[in-house]
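Pulled from Swiss-Prot, these are the features on record:
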type     : residues                   : note
BINDING  : Tyr36, Cys56, Cys59, His60 : heme binding site
SIGNAL   : 1-35                       : signal peptide
TRANSMEM : 287-307                    : transmembrane segment
Amino acid sequence: MQTAITKKWMKEWWILSLAALISFGKLSCPSVSNAYPIFAQQNYENPREATGRIVCANCHLAKKTVDLEAPQSVLPDTVFEAIVKIPYDTRIKQVLANGKKGGLNVGAVLILPEGFELAPPNRIPTELKNKLGKLSFQTYRPGEKNIIVVGPVPGKLYSEIIFPVLSPDPGTNKEAHFLKYPIYVGGNRGRGQIYPDGSKSNNTVYTASATGKIKRITRKEGKGGYEIIIEESSGGREAIDVVPPGPELIVSEGEFVKADQPLTNNPNVGGFGQGEVEIVLQDPRRIQGLLAFFASVVLAQIFLVLKKKQFEKVQLAEMNF
């Protein structure tokens with residue numbers, strides 16, 4: 001009896017220990033999925049605001065270019081490529097969360113018209129699959145197939161991101177129409193400067209919180225960073241500014257600083273950009289009609305030339321007579 005109780009107690013102890021270990025692991029080792037674009041997905045119902053601004057710009061403050069290439073027109077139920085280009089100098093390094101330097105990641109969001117969606121694997125040609133490599137795509141929201149996000153992925157490998165897109169067929173989808181549609185894109189390279197809760201990352205400028213003389217600068221042990229004590233000019237109080245590891249100090253002890261004056265350099269080397277293109281969902285019957293029209297024009301020209309030659313022969317015969 002005692003042995004059974006002891007075994008049961010040990011089993012429960014192991015289960016509790018394992019649960020505690022898993023919980024601790026989740027807290028101390030956050031998943032990669034907690035990186036962008038999950039921030040936008042968690043905080044914004046739609047990635048594009050009513051003003052046209054894509055919400056990624058709220059965290060990635062620096063402006064950079066991004067290009068989108070897509071066909072001017074597509075036929076219904078057709079797979080085509082939408083290519084997002086995120087150019088940057090791959091030799092540069094960014095400040096990582098631990099303060100060290102590392103390569104830049106890139107990410108993109110593609111906002112397609114209603115009815116357009118990511119092409120299913122069985123519809124993607126082999127050649128296009130080879131171009132995609134190991135890229136993983138996801139929808140911004142469950143059920144919203146027209147908004148696709150990708151990233152973060154290594155910028156050295158994916159400065160160009162290819163989205164395989166499937167156009168809708170108005171014959172089977174009553175919500176789709178043969179019209180001209182806009183496609184919106186947002187793309188970033190590097191880490192953001194602000195987290196969704198409004199706090200700063202270590203990839204931005206840190207400024208003085210008060211006006212006064214820098215009394216002391218202390219380098220923090222362990223993870224790194226600095227603690228800066230400013231003796232305020234008015235009142236003689238002390239303001240403490242904490243700088244995380246990453247940004248480099250550009251001030252020294254004894255220096256007089258004003259409120260909001262930079263204490264560090266700006267370590268950010270990345271940025272965000274957005275753009276748009278237009279695409280026409282083309283009705284095949286219009287193309288057939290256009291081809292028929294061109295054919296009729298060509299035939300008319302041929303008959304006109306033949307008629308002219310016939311007329312010239314008649315005139316020549318009359319002159320000889």
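Using the three backbone atoms N, Cα and C, a Cβ is placed for every residue, glycine included.
Between the binding-site residues Cys56, Cys59, the minimum number of other C-beta atoms within 10 Å of a residue's C-beta occurs at Cys59. DSSP classifies Cys56 (heme binding site) as helix under the three-state reduction. Sequence-distant neighbours of His60 (heme binding site) (same chain, 6+ residues apart, CB-CB distance under 8 A): Asn188, Gly190, Gly192, Gln193, Gly270, Gly271, Phe272.
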